[in-house]
Structures are given as C-alpha cells and as structure tokens.
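*Asks:* Following this message is one structure expressed as structure tokens.
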C-alpha cells in the first residue's frame with residue numbers, strides 16, 4: 001500500500017512539471033523563461049545579428065509568448081515573440097554580443113519586435129522564419145527622463161552627411177595607416193549644448209596610405225576586407241568655424257566558417273555586408289538593405305528619411321517555414337482556447353522577465 005501511495009505522489013509531482021499538449025490547439029505553451037524557450041530565443045537573436053547588413057547588433061530583452069508545435073517525423077518548432085534592444089556594437093564589430101552594452105534610454109534607445117520560428121532537432125536550434133521591425137523610443141519618453149538629451153537625427157540630413165565627411169577627412173589627414181572609406185552612416189544626433197552634430201559611421205580600410213592619397217577613387221578595398229567604426233562630433237564655434245573630434249577603431253578580419261544545419265532547417269546565408277566601394281549614404285541616393293529569403297539575399301531600398309536601420313528591411317517574414325524533409329510545419333490561425341484544464345497542470349508564465357528596460 002505504501003508503495004502505491006509513493007508511486008501516486010511521484011506521478012502527481014511529474015504532472016506538475018510537465019508541459020501538456022493542448023489537445024484542441026495542437027501545441028503546448030511552456031513558460032517564457034523556460035530554459036529551452038530561452039535557448040530558442042537566443043538562437044533567434046544570434047541569427048538576426050549574423051544576417052543584419054547594417055546598423056547595430058540587438059540583444060534579447062523579453063520573451064513575450066511561445067507556442068511549441070510538434071514536427072513530424074522528428075523535432076519541434078518554437079513559435080516565439082520576442083523584444084530586443086539595440087546595443088552599441090555595430091554589426092561589423094566582432095565583439096561577442098555578451099560584451100556589448102545596451103544603448104540606454106537617455107541615448108535614445110531602439111527596440112525590436114520579432115516573430116520567429118525556431119526548429120529544435122537533436123538538441124540543436126535552427127531558425128526557420130523571421131519577421132521583425134524596430135523603432136526608436138518616443139521623443140516624449142526620452143524627454144521625460146532627460147529633457148536636454150539629444151534625439152536621433154535623420155541620417156540623410158545635410159548637416160549629418162557634412163559631419164561624417166568632415167570627421168572622416170580629418171581622421172584620414174592625421175592617420176599614418178590605411179586610407180579609410182565610408183561604408184555607412186549608422187547614427188546621428190543634434191546636440192544642443194555645445195551646438196554640435198554627433199555621428200557614428202562604419203568604414204573600410206583600403207590599399208592606399210592615408211597621407212599619400214591624391215585621388216581617393218583609385219583606392220581599393222583590401223583583398224581580405226577590414227572594417228572599422230568611427231565616432232565623431234562637429235562643434236560649431238561661437239566665432240565661426242568648426243571644431244572636429246573623431247576616433248576610429250579598426251576591427252580584426254574574421255573568417256566566415258559555414259555552420260552545419262540540422263535536417264529541415266534553412267542554410268544560413270552569409271552575412272550581407274555593405275560594399276564600401278559603392279555609393280555612400282546621402283540625401284540624393286539612399287543605400288539598399290537586404291532581405292534574408294532562405295539561402296538568398298534580395299535587395300530592398302531603404303526609406304530616404306530615416307534615423308535608424310529598421311529590422312523589417314531585412315526580416316520581412318517572406319521566408320517559408322516548410323522544412324525540406326518530414327511533414328511540413330505551418331503556423332496559421334489557431335483555435336481560440338483557454339488554458340488546458342488539466343488537474344495539477346502548470347500555470348503559464350508569459351510574458352517573461354525584462355532583462356534591461358521596457359520602452
């Protein structure tokens with residue numbers, strides 16, 4: 001009798017920790033902070049950063065919801081909604097994401113929202129589908145925290161373009177190294193005091209010596225491309241003229257190593273990197289972004305008047321979620337159902353914890 005009671009108690013305990021499959025909806029809903037859910041979300045963030053062609057890396061801030069669908073004959077697919085925050089690391093910067101600082105609210109933070117399908121098979125996570133968008137915090141919210149903090153400025157504004165050109169020219173004139181070409185204008189702000197334009201931009205090294213350049217059009221990118229990142233400010237002097245301050249950091253070249261993909265997952269396309277030899281961002285001709293569509297990359301024109309790189313220009317949700325083998329997986333309209341009324345079943349815990357701050 002004691003053995004029967006013990007067995008019954010163990011069965012009840014197991015039921016408390018297992019995640020039941022909803023027999024009506026066909027999926028299960030684990031907690032948003034469940035370890036497997038978090039691993040799937042982190043795999044998605046890693047995928048996003050590897051495929052961003054410009055702008056800054058994003059980091060996971062919160063998991064909003066999750067559904068786990070069975071995939072036949074093997075594996076399961078996590079249908080996840082996540083919030084991300086922009087970091088201060090450019091996408092060309094090889095610094096590990098864990099070492100990148102989140103851009104603070106007083107610096108005009110940018111938040112991303114993503115719907116992602118992640119395949120878990122044989123203990124490995126692979127992204128099947130990604131749809132994202134991102135937007136800066138509202139001016140009102142920034143002003144509440146910091147009335148004098150500068151806001152993001154349009155990247156094609158003539159004052160921004162001028163500040164980048166002057167800052168890069170100043171750096172090249174004082175450099176003993178390679179002549180640097182502009183890759184993209186990444187971020188800009190109009191600072192009220194002192195009156196100035198603050199800019200951040202990506203660059204690439206060429207085969208020319210900076211101080212010896214006469215005709216920049218004859219300079220070519222290095223065979224093994226090397227990128228860098230610059231921060232500058234152009235301050236308006238009270239009696240006229242400009243005070244230019246700029247610092248640039250060149251990154252070590254990073255070899256691209258193809259990663260093996262589990263059966264049924266799309267092969268990752270190589271990260272699309274802006275071509276520094278192409279036209280620089282300006283008011284006359286905006287650059288183009290790239291959309292990840294399975295193993296291919298499709299060019300998409302960027303909006304002319306923008307202050308940041310919107311994730312939707314790369315992750316527009318056009319990729320298929322069908323696997324190349326096994327039964328196809330489709331996320332469509334699901335029945336509206338309540339929580340499974342299973343005695344001793346777990347309480348759903350979503351959305352998950354906020355890792356930084358909410359905007």
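Every residue, even glycine, has its Cβ placed from backbone N, Cα and C.
Since the structure is predicted, the reported quantities are computational estimates derived from the model, not experimental observations.
Look at Swiss-Prot and you will find 27-133 tagged as domain 'Cystatin fetuin-A-type 1'. What Swiss-Prot records for 32-350, 89-100, 114-132, 146-149, 208-219, 230-248 is disulfide bond, and it gives sequence analysis as the kind of evidence. Look at Swiss-Prot and you will find 99, 156, 176 tagged as N-linked glycosylation site. The annotation phosphoserine is assigned in Swiss-Prot to 134, 135, 138, 316, 320, 323, 325. The annotation domain 'Cystatin fetuin-A-type 2' is assigned in Swiss-Prot to 144-256. Per Swiss-Prot, region 'Disordered' is recorded for 257-285.
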*Asks:* Work through the recorded positions one by one (132, 135, 138) and name whichever has its CA nearest to the CA of residue 176 (N-linked glycosylation site).
*Replies:* 135
*Asks:* Might you list, by sequence position, any residue in that chain lying six or more from residue 248 (disulfide bond) with a Cβ less than 8 Å away from its Cβ?
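*Replies:* Listed in sequence order: 171, 180, 203, 228, 229, 230.
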*Asks:* So which disulfide-bonded residues out of 132, 146, 219 end up within 10 angstroms of residue 138 (phosphoserine), measuring C-alpha to C-alpha?
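*Replies:* Close disulfide-bonded residues: none.
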*Asks:* What residue among the recorded positions 99, 134, 135, 176 has the most other CB atoms lying within 10 A of its CB?
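*Replies:* Comparing the recorded positions 99, 134, 135, 176, the most crowded Cβ belongs to 134.
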*Asks:* Please tell me which one of the disulfide-bonded residues listed here (32, 100, 114, 350) sits closest to residue 135 (phosphoserine), measuring Cα to Cα?
*Replies:* 114
*Asks:* Find the shortest Cα-Cα separation between residue 350 (disulfide bond) and the recorded positions 114, 146, 156, 316, and name the residue that gives it.
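*Replies:* It is 114, whose Cα lies nearest.
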*Asks:* Name the secondary structure element type, per DSSP in three states, that contains residue 248 (disulfide bond).
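*Replies:* Assignment for residue 248 (disulfide bond) reads strand.
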*Asks:* I'd like to know which of the recorded positions 99, 114, 134 sit within 10 A of residue 89 (disulfide bond) at the Cα level.
*Replies:* 99
